[in-house]
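Asks: Dropping the structure in here first, questions after.
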Amino acid sequence: MEPVGCCGECRGSSVDPRSTFVLSNLAEVVERVLTFLPAKALLRVACVCRLWRECVRRVLRTHRSVTWISAGLAEAGHLEGHCLVRVVAEELENVRILPHTVLYMADSETFISLEECRGHKRARKRTSMETALALEKLFPKQCQVLGIVTPGIVVTPMGSGSNRPQEIEIGESGFALLFPQIEGIKIQPFHFIKDPKNLTLERHQLTEVGLLDNPELRVVLVFGYNCCKVGASNYLQQVVSTFSDMNIILAGGQVDNLSSLTSEKNPLDIDASGVVGLSFSGHRIQSATVLLNEDVSDEKTAEAAMQRLKAANIPEHNTIGFMFACVGRGFQYYRAKGNVEADAFRKFFPSVPLFGFFGNGEIGCDRIVTGNFILRKCNEVKDDDLFHSYTTIMALIHLGSSK
């Protein structure tokens, strides 16, 4: 097959000259045809000629909705690697957006330790990095990838935001949230490594990642990793305290490990502890969080908490739900009844996809940031009372109209 040098160059004698003319000159027709192609195919045909390249750019600009790829127990159990890596490799061929930022979460047991390590600690760590690297390589080079591993995963199956979300407390699972570049919205990863020799946070470090001196800041997803190490939890609280008193939504928790952060120039140290996350800035963003404390212990009280979240009146189109729960909740907490909190969320938010994890501590409280940016609290919670255990944080993030 000869390479195509230009739309106007057609060397095949069987090609209809009228079709050649249309596809070489009529941008409206070309653009209409290209709207049916996934992003990977669009990038391939963009090299055909200048007209097609411009049409591809316009088509990609219209694809601004967040997309997700998920892998649950149905996809698990194969020997050729973690299910999330396999499913992402398959599904990226059909994704219609060009991912600019990716947030993925996977279960720590199988993502970190795919092979029996037989007490050889170093072998287990090497496997972890190889799995993460394989996943990172699937995304475009310019894409910002942040990945964490946790004891359990909350995921919505692919296909529709109205699919029943699954609380997978044990087992091979994961998801990847794909954020395109959205006009008027900036998503920035941040990372602060705990250095025993220097625990001071410089103001410029926070400013560079949009956490300070940023009037557009609306939401911060924040995760402490390896918090079982000495001083790690205190460091997490120190970092969060630098921006927690602002009128923003703050949600997250403590996870096992940081597995990917492609914005970092240096290789990740799986033995290190620190704080990582994403900041969301833009006046179009609306968000809310609710805290399900230890008093929430059955379906009725879980649904009451979702009613508080519903009362925030956050638009549900182009909105993502997050659930950050303690490993002590879930099936056993609700007297051998599974999926209670995820089902309660689905009852009140029938079309919003839900993602998250079961972790080792939760960060957040009842807060609402509305369109006119008024901070409200649904009940009396002190500003500094953001760190919890045996609780669940439910969050909504609305990224504005996708049009």
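Cβ atoms are placed via backbone N, Cα and C, with glycine included.
From Swiss-Prot, for reference:
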MOD_RES   Met1  N-acetylmethionine
DOMAIN    21-67  domain 'F-box'
MOD_RES   Thr127  phosphothreonine
MOD_RES   Ser128  phosphoserine
MOD_RES   Lys194  N6-acetyllysine
Asks: Take the domain 'F-box' (21-67) and count its residues per DSSP category (helix H/G/I, strand E/B, coil), listing them in that order.
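Replies: Summed over the domain 'F-box' (21-67), the classes give 33 helix, 1 strand, 13 coil.
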Asks: For the residue listed as 'N6-acetyllysine', name the DSSP secondary structure in the helix/strand/coil scheme.
Replies: coil
Asks: Enumerate same-chain residues with a sequence separation of six or more from Lys194 (N6-acetyllysine) and a Cβ-Cβ distance below 8 A; give 'none' if the list is empty.
Replies: Lys229, Gly231, Ala232, Tyr235, Ala272, Ser273, Gly274, Val275
